[in-house]
Amino acid sequence: RENFIHLCNPHLEKMKEDILYHFALGTGTHDFPTLFGDVKFVCVGGSPSRMKAFIAYIAEELGLGSPGGDYPNICAGTDRYAMYKVGPVLSVSHGMGIPSISIMLHELIKLLYHAKCSDITIIRIGTSGGIGLEPGSVVITRQSVDATFKPQLEQVVLGKTVIRSTNLDEQLAKELMQCSKEIGQFNTVIGNTMCTLDFYEGQGRLDGAICLYDEEEKLQYLKNAYESGVRNIEMESSVFAAMCNLSGVKAAVVCVTLLNRLEGDQISSPHDVLVEYQQRPQKLVGYFIKKSLGKV
């Protein structure tokens, strides 16, 4: 049925046990329906510490657990990813870049499938470089585009190039935008997000170890990106969108901008300012979850 996780892999049904190696979990050693069956919201982000902070924040917002309570890392048997849970919310780290989040998503989607979860919403919260936006603005992704501004993920499978769609759930994006209006604390826009394979050359920076283009070329590229609808740049959204689409999961990407790339390349804001910026996607998604659960 549509509201359950769809697995695009017929081979899994023939396996006696499914070991989620990078989570240090497995169907032969863990009772997935008991552990995760009540999950309705999954929030993923790059940093383990940020995802632990998020689960503590959402626990307080939902009135679950005790203030200042500790939340154990469900994936403590590995140092690849961290996972935390409170009530219907799962919080998982994914590392940096497409390869890292891709591995995590394969195992996360299987976990949700084995747990018989339904009506799941997955949201990536993170940081990004903005284009034409003031630092601290939040971007809700309409669609993820590649470095040539195409809404697609190009992947090589068995030596053949496979093209996958990177559109995200339009209704979910609108609901998140409405939540931001209700919060009224920071600028939020819906726009395209460019997903790159690299932080430096791939994003047109001038401050990497290698740079064979000039500032004029860089600025023209970023202006072209802006004109195509791109409002921020990060390194995970394309495969996130593609895999959620194939699995029939409602998904969104909500990232704060740490700088305006039309004005520079290096992130130079004070630490306390950056910390406050990074809390904005948490606040927005936390409010959305509360509202979805009828707690606003």
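Indices start at 1 and increase along the chain as displayed.
For all residues, glycine too, the Cβ spot is worked out from N, Cα and C.
In TrEMBL, annotation is done automatically, which means it is predicted and not curated.
Annotation comment: TrEMBL describes ARG80, ARG124, ILE125, GLY126, THR127 as phosphate binding site. The Cβ of THR127 (phosphate binding site) lies under 8 Å from the Cβ of GLY46, GLU234, CYS255, VAL256, THR257, LEU258, TYR277, GLN278, each of these being in the same chain and 6 or more residues away along the sequence.
As annotated by TrEMBL, substrate binding site applies to GLN203, ARG205.
Feature annotation from TrEMBL assigns domain 'Nucleoside phosphorylase' to 40-289.
Each of the binding-site residues ARG80, ARG124, ARG205 was scored by the number of other CB atoms within 10 Å of its CB, and the largest score is that of ARG124. With all protein chains in the displayed structure included, the most crowded Cβ environment within 10 Å among the binding-site residues ILE125, GLY126, GLN203 is that of ILE125. Within the model, the domain 'Nucleoside phosphorylase' (40-289) shows a mean pLDDT value of 97, rounded to a whole number.
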